[in-house]
Amino acid sequence: GVMVLQLPLVVTAQVDLVLLLVSLLALWTRLSHLSYPNAVVFDEVYYGQFVSLYMKRVFFIDDSGPPLGHMILALGAYLGGFDGNFVWNRIGAEYPSSVSVWSLRLLPAVCGALCVPLVYLLTLELRFSHLSALGAAVLLLLENSLIVQSRFMLLESVLIFFVLLAFFSYLRFHNAPNSSWSRYSWLLVCGASCAAAVGIKYMGVFSYLLLLGVASLHTWNLIGDRTLSVCVQCVCRFVCLLVVPVLLYVFWFYVHLSVLNRSGPHDQLMSSAFQASLQGGLSRITQGQPLEVAYGSQVTLRSSASQPIPCWLHSHKANYPIRYENGRGSSHQQQVTCYPFKDVNNWWIIKDPGRQKLVVGSPPRPVRHGDVIQLVHGMTSRFLNSHDVAAPMSPHAQEVSGYIDFNVSMAAQNLWRVDISNREAESEVWKTILSEVRLVHVNTSAVLKLSGVSLPDWGFRQLEVVAEKLFKGHSSSLGWTVEEHRYGTSQEQKEREAELHSPTHIDVDRKFSFWAKFLELQWKMLTVKQEDSEHKYSSSPLEWITMETNIAYWLHSSTNAQIHLIGNPVSWGVANLSLLAYQLLAAVYLVRRRRGFKDLPDGAWGQFVCLGGVCVGGWLVNFVPFLLMEKTLFLYHYLPALCYLYLLSPALLEHAHTHLLSSVTHQRALCLCVSAVLLSVFLSYRTFCPLTYGSPELSANQLQGLRWRDTWDILYRRR
């Protein structure tokens, strides 16, 4: 609006009431009952892990995109006082009352709501009428799939918001009179929005490139204008649209790396120098520690499996119970577990079976692939042992214990063969951090393995370690890596305990610059591939256009209440028709212009081309790349492309109304058709509301009636 200040102080403001109304409706559709369902919905289980790690300031790497999106979600969680203590392990898990679900979902919902007024304003900047703007806003407002995607802790709505903001602010800048310098603030907003879009998901890159293309064309035309000081304008555009986004993109990483300064489960992917720059990680460990494991070495053995959580081979002064709850017996020897925290009881000593010494000789004798060793627990001096007794939680595997001789004819079986699975030579030396070893039990050929099952209270809920006979197959739960390591110097138990309690080395501050960290992290993000798994709800891009696929986001544990990602079928139909219509119309216009018929005045033609460039171009750059991608895709990947079509539909109708229909009767007929379509859009929205908001709960027959397509997967319980 325009503010005019006079004396006496009178404020005159122009407010677009229609814009205000659609904004309020958008906020209402996106924000009402935001904390329902009070359970983890679909991909919240994925993003939630990262939010928790932010709250704990623990470093992580996510190959699906840059960090800004996670930071925005984490900000919402932080404002709601979330402490990160929630285990995101399954969809449908209830949130405890201590978690403010509303604040976790607030920012995506607000961004989703703001997309509606943005589309309204964007239509106006494309030089179409307020009526078209209202049409576009209504299509977005009543789009069930966008509502669902906005109401949970997901990133699509935030991405769409910044993409729309970038185009709006760019066109606002472009349409402003040349004389005003204040218009460059819009260009800055545009650059910042582009950086944000790219910083949320790499998909944002395509919209950014499209915007750069449009801006380059405009700049090229500008260079031809002899009346302006072109140089300054070009430099301003270059700075705002290229330099600013790049700097901001790096800035997101700077914030990300400044916040996440503690070591965590993903350290292992990074170089040692990177890990050493994190608190509590290898920095405490690796400096000055010997590379080669020798007889007499004191080591902590970390399981190579990061599932369920990273942990270290551990023992303590507690024995297996004589009988388990199900009546099976145990050896009653000392418990050996895997413990997810650093602890003095994680230290083991590598012993040569032929010698008594527990210290490293000089020179040290390195342990090589194929050597047979014994492992002595540092604090209790028990030998790592396995025998033909069933393990507590995995009875098909052997129990692993710290050997205690109860004089009951159970001989010690404590010899283990070192098998370096990532060796390059046959007599390779066992190396700290670099070597992944399997420990093969000599007497039974079973392999030391983390089963991943939690022990009951008698085992302090630590993770079970077993020895399992394996014939084939490589699994990370069989591998162990030496992480902390020092050459033992004390033979006496008391001195050794003091040695184990002391830190491994003197801290030296290592400088590892932000740029080095940024480049390494960026490279890792682009090259680390999490294994792509087929997903029950994954789909191919061609199924999106006709919406042959849906995604069940949430299902109530006992009733038929459920939430699905299903678009508004009428709106999708309108979007597809308008895409086709534009392309046919453009083809006809181009052929006729080539033949010398000018159907449109220059202004209207320019407007028509600009509409196609932004909307059809936007749809193409956000849809075609998916046809070439190998990754697992879902229906929600189509939402950014869809928004461009909703922008296109009303504007195209207005174009037809103004330039193609000459008689009043035809124009009235068009208006009637449009009203009928809008009504059916609304009715279709109402019909699918129960699947959008998860309430009211429907009966099995009603749910059956909502299966408009046979390919949709709607779940129901027969009562």
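Including glycine, each Cβ sits where the backbone N, Cα and C put it.
Residues in the domain 'MIR' (290-353) partition by DSSP class (helix H, G, I; strand E, B; coil) as 3 helix, 30 strand, 31 coil. The domain 'MIR' feature in TrEMBL is assigned to 290-353 (among others).
Annotation source TrEMBL lists domain 'MIR' at 364-421 (among others).
Under DSSP, residues within the domain 'MIR' (426-485) fall into helix, strand and coil as 6 helix, 27 strand, 27 coil. If you look up TrEMBL, you'll see 426-485 (among others) marked as domain 'MIR'.
Per TrEMBL, transmembrane segment is recorded for 6-28 (among others).
Per TrEMBL, transmembrane segment is recorded for 65-82 (among others).
Here TrEMBL flags 102-121 (among others) as transmembrane segment.
Feature annotation from TrEMBL assigns transmembrane segment to 153-171 (among others).
The annotation transmembrane segment is assigned in TrEMBL to 183-200 (among others).
What TrEMBL lists as transmembrane segment is 235-255 (among others).
As annotated by TrEMBL, transmembrane segment applies to 570-591 (among others).
According to TrEMBL, the feature transmembrane segment maps to 603-628 (among others).
Annotation comment: TrEMBL describes 634-653 (among others) as transmembrane segment. Only residues 6 or more beyond the boundaries of the transmembrane segment (634-653), in the same chain, are considered here, and those with a CB under 8 A from a CB of the stretch are 115, 119, 122-123, 126, 128, 131-136, 139-140, 143, 145-146, 149, 154, 156, 159-160, 163-164, 203, 207, 535, 537-539, 541, 543-545, 547, 549-551, 565, 567, 571-572, 574-579, 581-582, 585, 611, 614-616, 618-619, 622-623, 626, 670, 674.
Within its own chain, the transmembrane segment (669-688) is flanked in space by residues 135, 138-139, 142-144, 566, 568-571, 574, 653, 656-657, 661, 706, which lie at least six positions past its ends and keep a Cβ under 8 Å from the stretch. As annotated by TrEMBL, transmembrane segment applies to 669-688 (among others).
Sequence-distant contacts of the transmembrane segment (570-591), counting only residues of its own chain at least 6 positions beyond either end whose CB sits under 8 Å from a CB of the stretch, comprise 139, 142-143, 545-547, 599-600, 605, 608, 611-612, 615-616, 619, 642, 645-646, 648-649, 652-653, 677, 680-681, 683-684.
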